[in-house]
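Pulled from TrEMBL:
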REGION    B:1-26  region 'Disordered'
COMPBIAS  B:10-19  compositional bias 'Low complexity'
TRANSMEM  B:30-55  transmembrane segment
TRANSMEM  B:94-116  transmembrane segment
DOMAIN    B:94-285  domain 'ABC transmembrane type-1'
TRANSMEM  B:128-150  transmembrane segment
TRANSMEM  B:162-181  transmembrane segment
TRANSMEM  B:219-244  transmembrane segment
TRANSMEM  B:264-285  transmembrane segment
Amino acid sequence: MATTSTPARVDARRRGYWIYLLPGGVLFLAVIVIPFVMNVALSFTEWPGVGEISWIGLENYTELFADDAFWASFRNSVAMIVAMVVAPTLIGLLLASALFDVIGKRFGGKSASTLRALFYLPQIVPVAVAGIVWGWILRPENGALNTLLEAVGLGEFAQNWLGDPGTALPSVMAIMVWVQIGYPVVIFMAALQRVDPQLHEAAEIDGAGWFRRFRAITIPQIRPETFVVALTCTIAAMKVFGPIFVLTRGGPGDATNVPSYFAYQNFFERADVGYGAAIATVLTLIIIALSIVFIRFQAASERKERR
Amino acid sequence: MTTVTRTSQPAPTTDPPTTRRNRDRHHRGAARWIVLAALIAGAVVMLFPFGVIVLNAFKSPADYSAGGPLALPTEIFTSGMIDFWNRVNFGRKLWNSFMIAGSVAVLGVLVSLFNAYALGIGRVKGRLAIVVLFLMANMLPQEVLIYPLYYIAREVGLYDTQLAVIIIFTVIQSAFGTYLLSSVFGTFPKEILEASALDGASKWQTLWRIIFPISRPTLSVLMIFFFIWTWNEFFIPLVFLISNDNQTVPVALGVLQGQRMMDATTTSAAALLGIVPAIAFFLIFQRTLARGITAGAVK
C-alpha cells in the first residue's frame, strides 16, 4: 500500500510546505510588492499627496532629465561612491594587509585585533549619530577642527566646512570614508586568513618583495571578498540618506544633495509626490543595473580564473 | 645563445638573494615599527571624534566658551547631560528603540525561519525565483517604498505607531534572512529529515524539534544583526514616528540636530548618549558579530 502511493505522497509532502510561506508572503506583498508597484504608478502622475491624482504619462521623467538638481544629486552619488566604495576599499586593503602581515605576525594577533576593533568602531554607531558628531566637530564657530587648526598654526585654513559650497561635499566625503573604512578592514582581514601562507613563502624565497607579493598573490586571492565589499558598499552609497539629512540637508544649494534626499524633499517638503516617485524609480533602476553589472563582471572573472 | 644566457644567469643570482633577503629581514625589523606607528596614528585619527565628544560632554557651557572644544574640562559637569535627558525624555527613546529593534529581531527571524523552511527544506516549486525576489527586495532603496507605505499607514490608522515600523522592518530584515537561511537550509543533512519523517513527526514538529535546535547558532547571529540594523535605522522611523513619544534614539537626535536648537556642550552630551548604547551592544555581541560578518562575506 505504502509503496504504490509514494509519488503522490512525495508530491503532497512538498505541497504542504507552501503554508509556511504564507505569513512571509502576505507581508512581503503588502510591504514590498504593492508599495513598489504603487510608487512606479505614481511616477506617471501629478499628485500633491491629497485630492485628485492626475495622469501625466512620462512628463515627470522628461522634467527630471532636464532638472539640474537631479543631475547634481547623481553627480554627488558618484562622489559618494568614491568616498564609500573606492577609497575605503583601497585604504581598507592596505590597512588589512598591514594589520595581517606586519602587526599580526610580528606583534601578535591581539594587537592586530585591537587595532581592527578601533578602525571598526565608527561602523557600529548609528549613521545619524555619526553625522551629529561630525556636524559638531565641523561647526564654524568654536568647532573642534577649526580650533585644532588654529592650535597648530594653520588657522588660515579654518572655515565653515559644511556651510561653504566649495568644502561641503569634500567634508561629507571625508566623513563617509571615516564611517565606512572599518567594514572592508574586517572583511579583508578575514579573507587574508584564507590565503595559503605557503604561496607567500614560496614567493618570498623566489625573492619577491612585499609589494609584488601583495599584487600577485594577495589581491587575486581575496577577489571574491573585494567583489562583495564593492557591491554592498556601492548599493549603500547610492542609498545614503541619514548623514546628508543630519549634516547638510543637501545644501548649501544642492552642493551635497543626493537622490534619496532629493526624493524625500519632493515627497514630504514640496508635496510633489509624482516627481519624488520618479526620482525613487530612477534610483532603483540604477541600483539594479549596477548590481547586474557587478554580478556579471564577477561571474566573468571567476570563469577566466578557472580557465 | 640560449645556453649562454642560461649558464650565465645563475651566476649572479646565487649569491645576491641570500644577502638581499638578509637585508630585507633586517630592514623589516625597523619597518615594522614604522608600520605600527602609522597604524596607531590612523587609529588615533579614527578615535579623535569620539575623544572630542567625551571631552565636551561633561563640560559646562561657561567652561566650553572659556577653553574651547580641545581643553580639558575644569570640572566634571553632568547637569547638561541630565537636563538633556529629562528635556527629551531620553529614557523613553531608549525604550522605544529597544522595543522596535527587539520585536523586529524576534519577528524577523521567525518569518525568515518559516520562509526558509519552505524554500530550503521543503524545496517548493519556483523556489529559485522566490529567493531571487527576496534578494532583489534587499537592494531596493527605501525611498521607492516610502510614500505608498506612508499613504497606506495613514489609511489604515497605523501612521505614527511603532507597530507600523515593526511590521515594515520585519519584512525588510526577513528578506535578507530568508535569502541567507534558505541557502543554509539547502545543505541540511537529508538523513535527519528522513529519520524524523519515519518517526512520524509532522512538518511542524520537524521544524521545532529538529531544524530549530540545530540551526540555533545561525538564528542567533541573524537576530543580533536584525536588532542592531533596526536600532541604527533612520529613514523610515524619521518618516513614520513624528510624535515625541514614539521616536527612536537616532530619530530624536537627528531631528534635534536638524533644528539647530542645542548648544555645543548639549550636542556633545546628546551625541555621547547616542554612541553609548551602540558600543554596549558591540561589546556584548562582539564574538557572535565577528563570526557573522565573516560568514556573510564568504558566500
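Just so it is clear, glycine is given a Cβ too, placed from its N, Cα and C backbone atoms.
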Q. For the transmembrane segment (B:94-116), what are the same-chain contacts with Cβ under 8 Å, counting residues 6+ beyond its ends?
A. 134, 162, 165-166, 169-171, 173-174, 177-178, 180-182, 184-185, 207, 211-212, 215, 219, 222-224, 226-228, 230-231, 237, 241, 245-250, 277
(Q) Do any residues, 6 or more residues outside the transmembrane segment (B:264-285), come within under 8 Å Cβ-to-Cβ of it, and if so which ones? (A) 50, 52-61, 64, 69, 77, 80-81, 83-85, 88, 90, 94, 97, 224, 227-228, 231-232, 249-250, 253, 256-257
Q: May I ask for the residues of the chain that lie six or more residues beyond the transmembrane segment (B:219-244) and have a Cβ under 8 Å from a Cβ within it?
A: 88-89, 96-97, 100-102, 104-106, 108-109, 112-113, 142-143, 146, 149-150, 153, 159-162, 164-165, 168-169, 173, 177, 180-181, 212, 250-252, 254-255, 277-278, 281, 285, 288-289, 291-292, 295
Q: Give residue numbers and ranges for long-range contacts of the transmembrane segment (B:162-181): same chain, 6 or more residues beyond its ends, CB-CB under 8 A.
A: 96, 99-100, 103-105, 107-109, 111-113, 115-116, 119-120, 131, 134-135, 137-138, 142, 149, 153, 215, 218-219, 222, 225-226, 229-230, 233, 236-237, 240-241, 246, 296
